[in-house]
Amino acid sequence: MAKTYDYLFKLLLIGDSGVGKTCLLFRFSEDAFNTTFISTIGIDFKIRTVELDGKKIKLQIWDTAGQERFRTITTAYYRGAMGIMKVYDITNEKSFDNIKNWIRNIEEHASSDVERMILGNKCDMNEKRQVSKERGEKLAIDYGIKFLETSAKSSINVEEAFITLARDIMTKLNKKMNENSLQEAVDKLKSPPKKPSQKKKQLSFRCSLL
């Protein structure tokens, strides 16, 4: 059966329990929001195919449990991830403070070239805000990571967050492919051309006695 996509990108949502990872996933994959979601047990995933630069990208998005008891299970999924979103709740100071711990987990378990993004979720609840947008931006700048505030409930910046991460992965992938093609061309130039084999001409002489 022919593939219906050009590339498959594996994305991961990590962060403390209750920050809204599952809600973000459902908003992006199904454009739905449900206030009765229970905490993810272990790990779950959704799929959505998007088009970027004329290519169909299948996004396989994994939603991880934030509870400590599932940490061993969830870190096993870091290795194959091409993009990781670290999510905190703007109404929960502790979830923001723990972003640094989640970043350390990524450094320990994920690929060194994984694309990363920090999301400050629940920005629709501004009246209960404990973490300013400026603090979120500063943290992201300190680690050289992109940052967005999102709201799964109000559908604010959810689409933009996932598409931005996918586009960053695509850009890095294209760069690697171009570098590989360039290296192959350089290697060919370095290799000395093969000389065509020449058959030795055998000359025969006739001796005649006069």
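Glycine too: its Cβ is placed from the backbone N, Cα and C atoms.
Looking at 37-45, 154-162, 163-171, the range tied to motif 'Effector region' in Swiss-Prot is 37-45.
Of the listed binding-site residues, namely Gly15, Gly18, the sparsest Cβ surroundings within 10 Å are found at Gly18. Neighbour count (other Cβ atoms within 10 Å of the Cβ, all protein chains): 22 for Cys123 (GTP binding site). In the three-state DSSP classification, Thr64 (GTP binding site) falls within a strand.
When the binding-site residues Lys21, Thr64 are scored by other C-beta atoms within 10 Å, Lys21 scores highest. Look at Gly15 (GTP binding site): DSSP puts it in coil.
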